[in-house]
Amino acid sequence: MVSQRRDADAPKDSPKSILESLAGTRVLVVEARYYDDIADELLAGARAAIEAVGAEARVFTVPGALEIPAAIAILMDAGRKAGGPYDAAVALGCVIRGETGHYDIVAGESARALMDLSVAEHLPLGNGILTVETMEQALARARVSDMNKGGGAAEAALSLLAIKRAANLEPAR
């Protein structure tokens, strides 16, 4: 029989304990503001999740979801070269299906590029690019008071960072 470890028994370097000590962590947030109301909600949720652990968010804006992966790659590289690297990244945006195949390209290629970047660079990255059928679906997923996908994306990035630190791949600041 496999037993589940209680939180009190968790080692000090477990992802949970590291997640609780992320003060000073620098999180890069790149948002596409194609739909301002949705972008506002996604960003509010992400900021709240980042600030809840004492981390710092640095926000950059791009025109659309396809530009997000390139912007993250550019900004991560710039941060390393400037001596102030980011510890994690969050992608925020929204793609709503229209009448053409453009949706499939934007949704698929942005997700693929983010995954490729995350895996190749060992980058803790939360994907908060919504891919939905309608504006109503987008608003429900974006609203902090509803599904809070912006907050969820930030929490995913922070959780991956905690795992990376627990594996001793990146020192805590």
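Just so you know, glycine gets a Cβ as well, placed from its N, Cα and C.
As the structure is a computational prediction, the values presented were derived from the model and not from experiment.
What Swiss-Prot says about this protein:
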- Tyr34, Ala65, Leu66, Glu67, Cys94, Val95, Ile96, Asn127: 5-amino-6-(D-ribitylamino)uracil binding site (BINDING)
- Glu99, Thr100, Arg141: (2S)-2-hydroxy-3-oxobutyl phosphate binding site (BINDING)
- His102: active site, proton donor (ACT_SITE)
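Cys94 (5-amino-6-(D-ribitylamino)uracil binding site) sits 13 Å from His102 (active site, proton donor), taking the Cα positions as reference. In the three-state DSSP assignment, the secondary structure recorded for Tyr34 (5-amino-6-(D-ribitylamino)uracil binding site) is coil.
Compared over the binding-site residues Cys94, Val95, Ile96, the count of CB atoms lying within 10 A of a residue's CB peaks at Cys94. In this structure, of the binding-site residues Thr100, Asn127, the smallest number of CB atoms within 10 A of the CB marks Thr100. Close to Glu67 (5-amino-6-(D-ribitylamino)uracil binding site) in the fold, though at least 6 residues off in sequence, lie Ala32, each with a CB less than 8 Å from its CB. Note on proximity: of the recorded positions Glu99, Thr100, His102, Arg141, the one nearest Leu66 (5-amino-6-(D-ribitylamino)uracil binding site) is His102, by Cα distance.
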